[in-house]
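Novice: Copied straight from Swiss-Prot:
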- 1-21: signal peptide (SIGNAL)
- CYS38-CYS98: disulfide bond (DISULFID)
- CYS54-CYS144: disulfide bond (DISULFID)
- TYR55, GLY57, GLY59, ASP76: Ca(2+) binding site (BINDING)
- CYS56-CYS72: disulfide bond (DISULFID)
- CYS71-CYS125: disulfide bond (DISULFID)
- HIS75: active site (ACT_SITE)
- CYS78-CYS118: disulfide bond (DISULFID)
- CYS87-CYS111: disulfide bond (DISULFID)
- CYS105-CYS116: disulfide bond (DISULFID)
- ASP119: active site (ACT_SITE)
Amino acid sequence: MYPAHLLVLLAVCVSLLGASAISNRPRNLVQFSELIQCVNKGKRATYHYMDYGCYCGKGGSGTPVDALDRCCKTHDDCYGQAEKKGCFPLLSLYNFACFPGAPQCGKGNTCQRFVCACDLKAALCFAKSPYNNNNYNIDIKKKCQTLIYMRLQTQ
């Protein structure tokens, strides 16, 4: 085999090894979870926020059901602003320090700092908002409709 062929083969193998290490779960969500735990000092598991109200979790619609759900809508809106700036919030990895009572975002590029700020603001909002067990795993088709959609259904 020629040396050039060996180099190409080596490059392909290295590329495949690197691709196999990529997680299919957005890594930023792991950091967001760690930030939530830092702020709430482990008092509530992160998964409690994944299916809460109309906005905590994937997507969101309608009117937030309470203050905690408004935190999630604000977080979604913040990620929307990050996307408008050309950032990919679910893939943006950032550094933060978990100082008691005052977690701080670390240095990084514009997107990393912006996304960290979104996550930090949401984590702080979660910590100060009451958690209503009745708003966990609600029927979003019934409780999270927009007013226009609800009016069309009643006509």
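Using the three backbone atoms N, Cα and C, a Cβ is placed for every residue, glycine included.
Since we're looking at a predicted model, the values are computed, not measured.
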Novice: Give the distance between the Cα atoms of CYS116 (disulfide bond) and CYS71 (disulfide bond), rounded to the nearest whole Å.
Specialist: 15
Novice: Out of CYS56, CYS98, CYS105, the disulfide-bonded residues in the record, which is closest to HIS75 (active site) when you go by Cα distance?
Specialist: CYS56
Novice: Among the disulfide-bonded residues listed here (CYS56, CYS105), identify the one with the smallest other-Cβ count within 10 Å.
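Specialist: Taking CYS56, CYS105 as the disulfide-bonded residues, the minimal 10 Å Cβ count falls on CYS105.
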Novice: Cβ distance under 8 Å to CYS118 (disulfide bond), same chain, sequence separation 6 or more: which residues?
Specialist: HIS75, CYS78, TYR79, GLN81, ALA82, PRO89
Novice: Give the three-state DSSP assignment (helix, strand or coil) for CYS56 (disulfide bond).
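Specialist: For CYS56 (disulfide bond) - judged by DSSP and reduced to three states - the answer is strand.
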Novice: For the Ca(2+) site given as TYR55, GLY57, GLY59, ASP76, which other residues of the same chain have their Cβ within 8 Å of the site's Cβ centre?
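Specialist: These residues sit around the Ca(2+) site: CYS54, CYS56, LYS58, GLY60, CYS72, LYS73.
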Novice: So among CYS38, CYS71, CYS72, CYS98, all listed as disulfide-bonded residues, which is physically nearest to TYR55 (Ca(2+) binding site)? Use the C-alpha atoms.
Specialist: CYS72
Novice: Where does CYS105 (disulfide bond) sit by DSSP, helix, strand or coil?
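Specialist: Once the DSSP labels are grouped into three classes, CYS105 (disulfide bond) ends up as strand.
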